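Comments concern the structure below.
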Amino acid sequence: MTTTETRPPSAAQPEAKRNSPLSAVLRARELPVALALVILVTVTAIANPLFLSPQGVKDLLLNATIIVILAVGQAIVIITRNVDLSVGSILGLVAFMTGSLFANVEGIPIPVVFLAGLALGAVLGAINGLLVTLAKVPALVITLGTLYIYRGVNNAWAGGTQYFAGDRPDAFGALSVDTFLGFPVITLLALVVVVVVGVFLAGARSGRDLYAIGSDPEAARVFGLPVGRRVFLAFVTNGLLAGLAGVLYASRFNSVGATTGSGMELDVVAAAVVGGVAIFGGSGSVFGAAIGAILLTTITSALTALRVDKFWQQAIVGVLILAAIIIDRIASVRTARKLRISEARDV
Amino acid sequence: AGGGDDGGGGSGAEGEQTITFIPKQLNNPYTDVVLGGGEEGAEAAGFASSQVVGPLDASASSQVSFINAETQAGTNVIVIAANDPDAVCSALEEARTGGAKIVAFDSDTNPDCRDVFISQVVAKDVALIQVELIAEQIGGSGEIAILSATANATNQNEWIKYMEEELASNPEYADIELVAKVYGDDDDTKSFQEAQGLMQAYPNLKGIISPTTVGIAATARYLSTSEYKGKVALTGLGLPNEMRPFVKDGTVTEFALWDPAQLGYVAAFAGKALADGDITGEVGDTFEAGELGEREIGDGGIVIVGPPTVFNADNIDDYDF
Amino acid sequence: MAEQSVPGSDEPNEPLLRLQHGAKTFGPVVALADGTVELRAGEIHALVGENGAGKSTLVKILAGLYHPDAGDFQVAGRPVAFRSVADSKAAGISVIYQEPTLFPDLTVAENIFIGRQPRGALGLISRKAMRSAARELFDQLGVPIDPDRIAEGLSIADQQIIEIAKALSLDARVLIMDEPTAALSGVEVERLFAVARSLRDRGAGILFISHRFDEVFALTDRITVMRDGRYIATHDTASVRVEQIVREMVGRDIDQLFPKEEAVIGNAMLRVKGLARAGVFSGIDLEVRTGEIVALAGLVGAGRTEVARAVFGIDPYDEGTVELAGRRLKPGDPQAAIDAGAGFVPEDRRKQGLVMDLSVARNLTLTLRNSLARFGLIDARREQRTAAEWSKRLQVKTGSQEYAVSTLSGGNQQKVVLAKWLATEPKLLIVDEPTRGIDVGTKSDVHRLLSDLAGRGIAILMISSELPEVLGMADRVLVMHEGRITAELSREDATPESVMHAATASMEGAK
Amino acid sequence: MSDPVKTAPVPERVDGTTVLEAEPKGRTGWARVLLGRDAVMIYALIVVIVIAMIAVPRFASPVTTGFLLLDVIPVLLIAMPMTLVIITGEIDLSVASIAGLTSAIMGVLWQAGFDIGIVLVISVLAGVVAGAVNGFLVAVVGLPSLAVTIGTLALFRGLALVVIGDNAVANFPPELTAFFTSKLGATGIPTVMVGVVVVILFFGVLLHLTPFGRGLYALGYSQEAARFVGIKVARAKLWLFVGTGTVSALAGVYWTLRYSSARSDNASGLELAVIAAVLLGGVSIFGGKGSIPGVVAAVLLIGVINYALRLGRVSDVVLIIVTGSLLIASVVAPSVFGAISKWRHDRRVHRELPQATTSGAASA
Ligand SMILES: Nc1ncnc2c1ncn2[C@@H]1O[C@H](COP(=O)(O)OP(=O)(O)OP(=O)(O)O)[C@@H](O)[C@H]1O
Ligand SMILES: Nc1ncnc2c1ncn2[C@@H]1O[C@H](COP(=O)(O)OP(=O)(O)OP(=O)(O)O)[C@@H](O)[C@H]1O
Ligand SMILES: [Mg+2]
Ligand SMILES: [Mg+2]
């Protein structure tokens, strides 16, 4: 802020304002969603104190955990101007494999199951990534295809078999019950995922490449960024995270089978979008996506806790998604107008 | 118009008779047990071939196209568990025009569209036994809730109706208040979250009835992983294999179910009797159901399979389904 | 001033870069048949040729973006075969492409440093270091661009400047600039040249492509001419004349460059009163009469394009009125303007002038889609015929009417844009930088065409950043500065000095 | 394309652009039609039908036609306006929810004793309004349609629940429900197909033969360029979303009366089936490319495979895998062919070019 000797003072002023950390926070796309979340929780807690009881908080966090992880993965992919609709199917396959491993391999160590789940997820993500990057085909079409295929494989493999919580070791189930400093263990895991991925995207060169690619893929190619490799890795990471979510699903819920996780894809995309990740790539953050995911899961719990007629709940979720997109839009239009007027002064 | 071109001649024809089961949804554990019994019954009753077809999702209309294909394939007996009593009706009518016999089981269709309905148990009995169990477990007073399957599941809705009547009319239950009915759509995740929601919305809740195998298991899973374990009672209809850990860890004390395999078994024999022309589905008709002995068609064309069993820690290990 | 020291020009040193007989085809189109160029250390080397001569294609081969089908390519004496842009970068080659390729969602600073951002603690990017490095670059170029602004919405000129900053920051041995000045105004061009010369003096080699001969002769040491995808000749700039270069480029002599003929000037066709848009322009009054060419001159960013867009209905405006042929135009409705007889050749033909993925024929008839319909249905035969006719009239070079317009060279694309508006038989034609990135041959075609149109009674509003073009073509010149019209000059009064004065200084120039 | 000089290795055309002689020129006229993407789709459809007739007993019968068409009608209907929407580079994920909402409204109104005509009109109007809401948010407010319609997907389905709750209404007039499953004489073709064909023709003509349709393709590739030639981008999109809303409502009405069951969850999940069919039909998700004949063929292709597998009692598991693979193959195949022809082109050029370069050097 002191490097402006050669510049006209009028140009320096708005800039100095724009750079202060406080205003950076205030301009963040994540802010409206975060605010909505705080208001929602506060209002609900006033109406129904049980909502913030230790058990209530634990439930809220646990509900959000799996979708947060999926939304983080999805955000990575969306930022590169792609999308992965197959996450629900990947989660289902991995969850079923988890159940099947515990049921069929006597005394298999839990870390091995985690690794296997991550590996399967990564492989399925890699298939998406390969098809998208090698064949240069739109991701929406490819992953709509693999959504069907992975689900089909899951059905063929599982048939009517389901594995239940009772088939798995207690220590595995305990992961989604036990808490550490008041936080459920798997929630902490999700938190680590969010922070690591978030820092990577914001601060690593290859992370920034993803934004550049999403912003203009053709320009990225012309500039010489390794577009194919980065997009491929985005899909693999997303698959990996969907795999993690699959294993955690098996830890938290009772049964895993042929239909586990189906229909989840649009919720995940919705979470990312609500959290301010632009659907056409190039902007947004995983923190936003995570907050979006928490907001969407919390709204359901909140409406139940407020005893809102259950028939209204889904409609309200829809309105909320729309509101989030509209607010985001208003914010960005306002910035654009400010930019136009301030720049006209600068000339 | 335009029924199956070679579907006719089913009734009376010896030997080459075919039967097809169309469950609510494939790849569901409860359904698998029912179908296991059905296939066994079909073989015992002497069908030349038995098939299972059906949708992967339990939506209202998805069964129609399967019925159509079976109509065209000239199947002699279609055994169906309807996702929607009316949505399958016109397709079943068409199948009947083509000569097929229709047996409903598990979940009834509109009575006009089938020849006979094989019911688990007397609907009222199922309802009463669940109310009885919950009353016992919560000590006869307090708030309770119901967590059901889909909002328009025929069988569950009928049971719930009887439960509500019983709670309202029986003085023994005067202190019990039914505060909510929620629906988990027979989806594990959804049921789990509905259970969770109940706990928060109704802090004084004493017990939950879940008259569906998916719902009771998901609820049990939630209770067993929360502070409500042992404080909130849970009963309903469940599969012993699924419920075993929760009975053992004390989340659930008692729940009920009939033997699902018998349902399919009886349905197959009813289908055979219809196809052979031994019965027409009239009230009072009787037929032999293999090793389960003679069955009679009751009011409304309904055949009752048997009384429900109550499972608890003492007897649960005797069952494997 | 450029000729004092050309180190290495008479030594047998290996050139920095040499391509011989490079060839590249796209399907049936031969974009480059025999591309040859040699760039030495410490020289600025011009590459000139008509539109479609294959200059950009050659550049893309040097950049590693295209793999040549044939040819011998050496960097510093060693044969190379670049597999990707990353390879050419590693070899010290930095390229400014003809079309700016920025990432709209990233900040200006990040656009400059993407892929090699300065890093701080933990190997994470240091935004502070990046910001100050970007500022330094802009100071060097003398432009006030906020490094923290996102690139979205920057004018083409600003985008081009950022591209230049990006290329400079690479500190490359070889700098290739494909028409970097096309969007820039005089001051900015001068700054760029100063930077280029200092780079040369430090031993870098610069390949410079431009259609402006004054620039080529002011800046470069040698000139290579291309025609129809082939190498023609290389000259020392000091010892060659413009006429010869032009002859080699087009294979014939070019007559007068700016042949505006006298036309009968009639009544006012376009009348704009008090037009204003907050933060962009204000108090715009202007009039264009039939048969008249009115030029809107000014520095880049003066708001000329914005005025034209508002007049045509692309952008809304806050105050004022626009009248065409006596009728008031509905604001914000281009179709109404078209129906009233207006046509608009926009400045960015890639994004605004053409639908790049559609065929030449479809692009040509897009403006006519309503009139080609009979009973609401399009007459496909007539559509074909019209397209063929107009592409012939303007001599559009294309393999087939069915090829995507993106496969044409810049100049031919511009002809398609012009053709599709001429086909509507407009009363008013607004042309925004009609000859940006167009070679001399085509340029004089365009000028002749505009003059011809004016002769037939069409009113023409021309926005141009090229002074000679403004002075040569316009009957009247309006000069804009910071969103206002600061001077109105008749053909006689318009001199380079008077226009520049009004464009840069201020209100005093208005008299 | 005149006077290719046969003697020169690199002939120069009148227009000065040089062209390789040996290179196959862009296909023209009939060849383009017969080898185009749509044609391939139609061939595939014919091949699958023939295979099904041979391999699946009883497939070759008018009964098949009837049942098969009854099954595909909802997807076929909604796919028509969806094709136009996707060609403009947008998408509508809320179609199935609109159908569900229509169904719910029909049920409640009929239950409340309104005349069936009024019920139908109001239900379809509801679809128009729902489509207009989407259109307003996308076209006027300028929000991304993928995001908007994920929101309205939840909203409209939610409203369906609000309207009808957990009830199901089944007692629609029997004449009407019978009409919806009736066939045209002995052909086996459902009577309602007449209406469906009208819808197909309407959208086919609109897209391929009108100025509006021309504009849509331009719009799909570049909105900005489209605006500069006077195409009313916002208005066109608004109308298209109203179109999907309306046709989705028609599909909802069909669904309700065919199954004679009005409920909130009718047609749920149908959006992905529709989009899969449209994409399989050759419409580019990025906009600008696609055609109605291709999409119709694709819908029928999936329908035929579906029905043949059911008749052969092959599990739906196979069907989903086949659908997914077809979808992927349909988009990957052009890339593969493209790569192959590029490779062949490169080889040919390498054989030819030494010649070309020498002659070039001579003329310089
Ligand atoms: N990707 C492509 N596909 C097909 N043809 C192409 C492609 N790129 C260039 N061409 C053709 O190759 C020829 C040379 O184009 P190029 O862009 O190199 O010309 P240029 O000399 O840079 O012209 P300008 O001065 O207009 O920029 C032109 O005829 C053009 O139509
Ligand atoms: N899309 C946009 N969004 C925001 N600001 C813009 C946009 N386009 C232009 N500007 C700004 O508006 C001002 C006027 O730009 P405009 O393009 O009208 O200038 P011009 O005189 O036509 O210059 P040019 O020679 O580039 O055509 C400039 O400050 C420019 O940075
Ligand atoms: Mg060029
Ligand atoms: Mg301009």
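Keep in mind that glycine also has a Cβ here, set from the backbone N, Cα and C atoms.
Since we're looking at a predicted model, the values are computed, not measured.
Among the features that TrEMBL reports, transmembrane segment is placed at D:40-60, D:66-86, D:93-110, D:116-139, D:146-164, D:184-207, D:238-257, D:269-287, D:294-311, D:317-340.
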Contact between the transmembrane segment (D:146-164) and the transmembrane segment (D:294-311) (3 or more Cβ pairs under 8 Å, separation 6+)
no
Ranked by Cβ pairs within a distance under 8 Å of the transmembrane segment (D:116-139), the first of D:40-60, D:66-86, D:184-207, D:238-257, D:294-311 is D:238-257
What residues elsewhere in the chain lie close to the transmembrane segment (D:184-207), defined as a C-beta under 8 angstroms and at least 6 residues from its ends?
61-66, 69-70, 73, 76-77, 80-81, 83-84, 87, 213, 216, 243, 247, 250, 254, 291-293, 296
Selection from D:66-86, D:238-257, D:294-311, D:317-340, the stretch that has most Cβ pairs under 8 A to the transmembrane segment (D:40-60):
D:294-311
Can you work out whether the transmembrane segment (D:294-311) touches the transmembrane segment (D:238-257), with the criterion being 3+ CB pairs under 8 Å where the paired residues are 6 or more apart along the chain?
no
For the transmembrane segment (D:238-257), distant same-chain residues with Cβ under 8 A (at least six beyond the ends)
73-74, 77-78, 80-82, 84-85, 88, 90, 92, 94-96, 98-103, 106-107, 120, 123-136, 138-140, 145, 172, 176-177, 179-180, 192, 195, 199, 203, 216, 266-267, 270
